[in-house]
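Below is one structure; the comments refer to it alone.
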Amino acid sequence: MLRNRTSVRSHESSSSLSIDNRGKVKECCRKTVAFMCTQVGVGGLIVVYAVVGAASFIEIETNANHTSNYHIELVTKLRNDCSHQLWLKSKLMNFDQKIWEQEVSVIIQNYQHELIKAIKKGWSGKSPAEVWSFPAAMMYCLSVFSMIGYGNMTPRTQWGKFTTVVYATFGIPLYILYFMNMGKVLAKTFRWFYTWIKECSSDPMDIDIEDGSIHAKKKIIVPSTACLWVMSFYILIGTFLFAHWESWGYLDSVYFCVTSLCKIGIGDFVPGTASNITIPLVGLKIGDSTSQNQTKLVINFVYMLLGMGLVAMCYNLMREDVRVKMKEMKEDMLLCLEDMRLKFSRCFSKKEVMLGGTTTTGRIGAQQNTVPIRLRAVSGFQNRLNDVVYCPPIVKNEDEPPTAVVYFGGDVQDFSENMETNRDSKSYMKYNLESTALLLRNGFPKSHIIVIRPARMEFKTFSCFDNFVRGNSAGVPDHTPMHHSLQHLEKLLQSTSQRLQNLNQTPSTSGTSNVEANQEIDIDILQVQETVTVDTDGESEYTCKDSSSSCNSITSADLTTELLQNDIQTTIASPSTSEVIELLDPLWWRDNLNLEKCKLILVGFSKGCVVLNQFIYEFHYLKTLTPDDSTMIRLLTRIKEMYWLDGGHGGAKNTWITSRSLLETLTRLGINIYVHVTPYQVQDDRRPWIRKEEKSFTDLLRRLGANLTRCLHFDTSAVANLYTHFEVLQVFRQPCPTPHPAHISPQKDDEEEK
């Protein structure tokens, strides 16, 4: 029984050992296959495949090719017989030249006929060992799986032909995999090298962000000309090599390089055939030695294999360049069509006005035709400066205290002339700062509109509110409670009031205007036709886009009065303007203009929401650490509403406030909070942290009892893109499509919690 137990234990141990061995073998095979699928593995695999194929063809064609040996012996015997017959005819018929020529001609013709038949059957004057050298066999394998097919070498045995079919069946897919992977690797390497060269020459600003991933630089596209230069240089190297080694002309060398790299493979020029010529009749060899010839064939193999990788690299880079150019061409065509549509619509509108017609839909009447006023370099806290766009209210409100809407825009939004010159932003010209000011005035007709331009526009695209919130070069915020953004806002409002009060004291300015009394603005276009620009010294300039129109010198006060009088004259005929400014006082909004005492409505759109988030940090600091600052406490009491319009930015954090203590302070202030979002931000699976932080922000405010209203717009849209992102500016003052819709599905909530 003890013996049986011992045998059972040994059997179990051997079984477990065999299972472990099988597991190790499987793991080793898995790692080997995974490595072979990498770029390095595929490159090594194609070389090993060529070496194994070369050895196989040498073994098959040299050891089993008895037919070639038979042809060599046959041609040798044929040559000896021909020379013997010629000797006999010359010995016997040396007295009659005519008969001798006839007999010799017959002998030579028979020799040529038999020699041609031998050549057709595979005789080349060389033995199989001389033909199937290792470098020549590798070149044959390369021509098979790369589909070049020179045709100078062919297998003569049945097994050689069968092996070629099988070798090509597995080799061609492997070569395609190598072609694609090597093209990606070389394209990535060359793109990095090209980017490095371009950065060294232009010294652009590089951006590195911890705990996030944003690269403010645009992706550099390698131009097609650079790819063509690389291929031309590579072909030039091959031209000099083959012209020197093979004694070819330069044109023939270029011809061979191009046909080989393009996988045409005509076969009239093949390396290794011209440098070592054998004269069959005498056995004389002219040219380099066999070892030198084989070395050249190996170098040619490497040249071709690397050259095909460069072809794949150029294909990838040129395809990327063509795609970008096609996209730009498409955008230019769309802009051209949009411009044509705009011109036609304006033409028809003018025609309707001339014929006495009226428009009923999609219009903002002439009562809103008062132009925005640009204030350049408005001073704020501690020498901070911001450009401001101001629009006065269009409805006089005597029953309530005055209100001011302060707007902070997102990326791309800038002055119209800056957006028009930037390819990335000119598609969104309808949302420039002046047009946005008019749009806000339509939503808040009784309020002063103050649009604050970012301190800088990085690469003419990224909004950076450095004066309000500290951030990196792309405007991604790094909030701190002592950046004095509230103090800067207070000073900006005071300086804006002073600058607006001083407008009527300006001497005279020159400008141009093409505004007519009956002109209307298309709300779908929202293109600002004119702008009053006020420099830092108080001088104002009124400009219009039509440079061909006549210009008259007028004062800024007269200009504003004339514009408002035009508004009034047009408004009198409008039956839908019951609440209109007093006709006899068009500049009523200047009376006692104190923006620093108005009730405030703060609006942040997209990246501009980081300024509102910064305000929350400073709210908490003021209420908890500096409650004796009476000036700032009064400012907090004047803030009545805050709008977050589809907030988000390129960083991976600080898109929404999720701190409970900060939101408790915001709730205690009693500010009405409005959150308007679109699928572009909160349903983007590539940036799930935005959805998660926004959900935490709104849920926590609801639990704290804040006055919160949340709306999800365009949730049924087929495509969530930048256009729907910007369209929230047009609909956020409308009633919510669905009251308090669900943030995300319960299934997605569970996945995020996990």
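Glycine too: its Cβ is placed from the backbone N, Cα and C atoms.
Note that the structure is predicted; figures quoted are calculated from it, not measured.
The domain 'Potassium channel' feature in TrEMBL is assigned to 128-187 (among others). Helix, strand and coil content of the domain 'Potassium channel' (128-187), in residues and according to DSSP, is 46 helix, 0 strand, 14 coil.
Summarising the annotation, TrEMBL assigns domain 'Potassium channel' to 230-319 (among others).
For 131-150 (among others), the entry in TrEMBL reads transmembrane segment.
Annotated transmembrane segment per TrEMBL: 162-181 (among others), in sequence order.
Among the features that TrEMBL reports, transmembrane segment is placed at 226-245 (among others).
For 297-318 (among others), the entry in TrEMBL reads transmembrane segment.
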Stretch contact, the transmembrane segment (226-245) with the transmembrane segment (162-181), Cβ-Cβ under 8 Å, 3+ pairs: no
PLDDT averaged over the residues of the domain 'Potassium channel' (230-319): 79
